[in-house]
Amino acid sequence: METIFAQSSAFGKAGVAVFRISGPKSLEVLQLLTGRKDFKSRLMYYQQITVPETKELIDNVMVVYFKSPGSFTGEDVVEIHTHGSKAISIILTNALLNIAGIRLAEAGEFTKRAFLNNKFDLTAAEGIADLINAETIMQHKQAIRQANGKLEELYNNWRSQLLKIISLLEAYIDFPDEDIPDTVLNEVTNTHTILVNTISEYLNDNRKGELLRSGLKLAIIGPPNVGKSSLLNFLMQRDIAIVSNIAGTTRDIIEGHLDIGGYPIILQDTAGIGEESSDIIEQEGIKRAINSAKTADIKIIMFDAEKLDSSINEDIINLIDENTITIINKIDLIEASKIFSIENKYKCLRVSVKNNIALSSILKNIENIAENMAGFTETPYITNQRHRNYLQQALSHLTAFSLDNDLVLATEDIRMTARCIGAIMGVINVEEILGEIFKNFCIGK
């Protein structure tokens, strides 16, 4: 196995930069950089490092050596903590590249080696990637649970039950003339039924884990000049949309990313949906607005308190569902009695975006819907499509199983189910999917 290295911290100015080296030559490389031979595993040393050929001083650093297998990758590993200087990073990188037998790591290669050395399964490796990319508290909770083996524990439990069924059935394949005892038949049938129901229910999760991982899309919908862009700017706490009293100012979809209650929200401000426009660009904006609303996880539909009759049109009303927040904006400009019937009919919140009236209620409603759509349960969620695909295949094989069929074929259905579950964790030969998973890691991880 080659020795690899990379800067694990972000490149640029910082208090500290961390370089990681993994492989059989790790300790030798550290000795070349420091001129010291007596490093002990798991002790931090304050050292000077130099360019091996010229002995030019690179930096005063902290170094630590982890002897195999007691390291992240399971190999000999060295970490070098330098000052976070671009110049130091460049000089040290060049010095390492000039040492024979060491090369720059590929994206995700350290984690890939850890997986190949049985430090964790594939679901945990994916959890580490999600942990690095997590931007909100809820994304962190989901990722840390997966990185710490909760998904592996769940899938391992299912796989163990499947292997138990296989072992019970295979004992009778070589003796076709013998009847399978009722106790064995009952155990196989009961376990099979429980697994079918459990995996079916698990797949019927409304993609909560994937929503939390990628972010919930929230579309702000309404007629022209109702205050959608002003609401977007309030939610983002900065101006990212042009605010104007001219109808049709927003002609395309404007996006912003937000953390509400720990949930990742992707905000979309859309073009106003109103009367038929003769402007081709505006027509396209309206078409995109309706499509955006139809694919959004959460919708905010805004009505104009001064123009309720024109605000409420069929295109907008048809978009209302259980995950829609309806609001009447500009309530400061009209008497409350004039909006009472509409407020009750569509369960609207009364707000004024311009004067910051009741806007906290919008945030609370967004958080409540997000929690309902992607809130936590005791059972860890499916977090990406790869898992879902294998689980659907597993369920297909599992439902095809029948003891009325040939025993060999019935056992093969269970074996294929176990293989699909195993593929999620990487306990079978999955070389073809490793590249796809680890290419999404950053260099140095």
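The backbone N, Cα and C atoms fix where each Cβ goes, and this holds for glycine too.
Swiss-Prot annotations:
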BINDING   R20, E79, K119, K445  (6S)-5-formyl-5,6,7,8-tetrahydrofolate binding site
DOMAIN    215-371  domain 'TrmE-type G'
BINDING   N225, S244, I246, T249  K(+) binding site
BINDING   225-230, 244-250, 269-272  GTP binding site
BINDING   S229, T250  Mg(2+) binding site
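DSSP assigns K228 (GTP binding site) to a helical segment in the three-state reduction. Annotation note: A271 (GTP binding site) sits in a coil segment as assigned by DSSP.
R20 ((6S)-5-formyl-5,6,7,8-tetrahydrofolate binding site) is 48 Å away from K228 (GTP binding site) when you measure Cα to Cα. When the binding-site residues K119, K228 are compared by the number of other CB atoms within 10 angstroms of each CB, K119 has the fewest. Across the structure, K119 ((6S)-5-formyl-5,6,7,8-tetrahydrofolate binding site) and N225 (K(+) binding site) are spaced 57 Å apart at their Cα atoms.
Nearest Cα neighbour of R20 ((6S)-5-formyl-5,6,7,8-tetrahydrofolate binding site) among the listed binding-site residues (N225, S229, A271): S229. When the alpha carbons of S229 (Mg(2+) binding site) and E79 ((6S)-5-formyl-5,6,7,8-tetrahydrofolate binding site) are compared, the span between them is 48 angstrom. Under DSSP, R20 ((6S)-5-formyl-5,6,7,8-tetrahydrofolate binding site) is assigned to a strand (E or B) in the three-state scheme.
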